[in-house]
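These features come from TrEMBL:
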| type | residues | note |
| --- | --- | --- |
| BINDING | GLY162, GLY164, LYS165, THR166 | ATP binding site |
| COMPBIAS | 101-112 | compositional bias 'Low complexity' |
| DOMAIN | 151-282 | domain 'AAA+ ATPase' |
| DOMAIN | 363-432 | domain 'Chromosomal replication initiator DnaA C-terminal' |
| REGION | 1-95 | region 'Domain I, interacts with DnaA modulators' |
| REGION | 84-113 | region 'Disordered' |
| REGION | 118-334 | region 'Domain III, AAA+ region' |
| REGION | 335-455 | region 'Domain IV, binds dsDNA' |
Amino acid sequence: MLERNDLWNLIKFSMEQDLSKITFQTFVEPAKPLQLDKAQMTIEVPTQLHRDYWEKNLAAKFTDIAMQATNEQIRPVMITEEERQQLTRDNDAQATTGNVAGQQPTTATTPTFMRETKLNPKYTFDTFVIGKGNQMAHAAALVVSEEPGTMYNPLFFYGGVGLGKTHLMHAIGNKLLETDPTSNIKYVTSESFTNELINAIQTKKQEAFREEYRNVDLLLVDDIQFFANKEATQEEFFHTFNALYEDDKQIVLTSDRLPNEIPQLQDRLVSRFKWGLSVDITPPDLETRIAILRNKADLEGIEIPDDTLSYIAGQIDSNVRELEGALARVQAYSRLNNSPITTSLVADALKSLHLSSKLSEVSIPVIQEKVAKYFHVSMADLKGKKRNKQIVIPRQIAMYLSRELTESSLPRIGNEFGGKDHTTVIHAHDKITKALKTDPELQKAVGDLTGQLKS
Ligand SMILES: Nc1ncnc2c1ncn2[C@@H]1O[C@H](COP(=O)(O)OP(=O)(O)OP(=O)(O)O)[C@@H](O)[C@H]1O
C-alpha cells in the first residue's frame, strides 16, 4: 500500500484535475491527512461545514481514486479540528483521572491516530538492501539484534535524512521479537519521549513513566538531535540510559549527526552515547539505488523494466525516501492512466506529479557559481582548503545556501565542496544562521544571493 502522504498527494493531484479551482482551494487544500489504516484514512478539516461537504461530495471520489491507485477499498473518515482537540483533551483527562495509580493510560483509550508509533513490520533485515554506504550499519544492527546488550551498547546510527536509519532500528526490534516474542521493546522518537515526559509531569505520573522506560529490553530512540537544548528531557534520559545500561539492556539511537555535534547536549550524554559503536550511513550509489528500487518493485508486485528503474535511480539521487516516493508515484500514475510502466511514462509521471520541481531545484554548483561571482573568489578557492576570512565566509555562505535551498544531504554537500566532512557543513550552517541575526552586511549578501538563485 502507498504511504499516507503519497496516497494523499495523489488524491489531491487527481482532485485538482477534476474540481474547480475554488472548490479545490476551499475544501481540499486545507484538509490534512492524519492517519492511514488498512481501510480508512483519517482526515482533519477546519470546520463542520468542510466535513459535511466532504461527506456529501468528495468521499466517493476519494474512495475511487484510492481504489485505482492501491487496489484497496479505503474510505475517508473526516474529523474537524475542534473534534481532534476535544479528543486530545479527553485523552489527557483520562490520563489524569481514569487510571489506577501507577498505571499508564492504556492505548485502548487513545484515538488511533494519536497512538505512539510501533515497530513497522515492513522494516526488516529482509527488506533492507545492503550497499557501500550502509554495509557497516547493517552488520552492526544484525549483531545487536542477535546479541542485544552485549557488544555494541549503545548502537548509534547517524547520517542524512531518508537513508535507512529508522529502517535498521526497526529491523533490530522486529528480529528480536521474532526470536523472543515476549521481549519488551519500546520505539520512540526523541520528540515523543519529550512529549510523554511533559505529559507525565503534568499528570503527576513520572513514576509510571520511569517504570515504563526502565523496564524495557530494547529501547529505540529515533532522531535524538531533537534533544538539543532540552534540559529536562536530557536529565530524564540520562537516568533512563543509566538504568538500562547497568541492566545490560540494549539501547539504539539515531541522529542526523554525531553526539558531540548536537548543540547543547550534556557532556555526560555525549560521552555515554560514545560508549558503544557509532556508525554513519551515507547516500546510496547508483547500483544500490537500482537494487533498492528493484527490491521494492518486486515486493509490491510492480512490473517495471530494468532500464526504466535505472532511469528513476539516475533522476533521484538524494535519498531513499524520495526514491520510494518516486516509484509509488510512477505506479499510481500508471494505474490512473491504465498503461504499463515505461521510461517515457516515468518521465511524464515525474514531471506531471511535480517531482520536476525537485529535479530542477537550485543545484549546488549553481549556488557555488553565484557565490563565487558575488564575492569575487574563484570556484577552486570556494571548494578548496584556504582558511583566510575572504574565502572562508563565502564558502560558509555557499554551504549555508546549499543546505537551505536544496534537498541535498549533509555528506553530499560536503562532497561538493572538495570532499569536506559533513560536520564542516553543519558548522558553516550554524555559524551563518547565528551571524544572520545580527550582521546586516551578511543579511544583505544572503538576501541578494537567495533572490538571484530563486528568480
Ligand atoms: N538500504 C535500504 N533498503 C531498502 N529500503 C531502504 C533502505 N534505506 C532506506 N530505505 C527505505 O527508505 C525510507 C526512508 O528510510 P528511513 O525512514 O529509515 O530513513 P532515516 O534515515 O531514518 O531518515 P530520517 O532521518 O528522515 O528519519 C524507508 O521507507 C526505508 O524502508
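Backbone N, Cα and C define each Cβ position, glycine as well.
Just so you know, TrEMBL annotations never went through curation; they're auto-generated.
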*asked:* In the three-state scheme derived from DSSP, which category covers LYS165 (ATP binding site)?
replied: helix
_List of residues, in chain order, with Cβ under 8 A from that of THR166 (ATP binding site) and at least 6 apart_ = TYR123, ASP222, THR254
*For ATP, what surrounds GLY162, GLY164, LYS165, THR166 with a Cβ no more than 8 Å from their Cβ centroid?*
PHE157, GLY159, VAL161, LEU163, HIS167, LEU168, THR254, ILE281, VAL320, ARG321
*Determine the Cβ neighbour count for GLY162 (ATP binding site): the number of other Cβ atoms within 10 Å of its Cβ.*
19
*Using a 10 Å cut-off, grab the number of neighbouring Cβ atoms around the Cβ of GLY164 (ATP binding site), all chains included.*
26
*asked:* Based on DSSP, tally up the residues of the region 'Domain IV, binds dsDNA' (335-455) by helix, strand and coil.
replied: 89 helix, 0 strand, 32 coil
_Return the count of C-beta atoms lying within 10 angstroms of the C-beta of LYS165 (ATP binding site), excluding that atom itself._
27
*Under the DSSP assignment, what numbers of helix, strand and coil residues are found in the domain 'AAA+ ATPase' (151-282)?*
67 helix, 26 strand, 39 coil
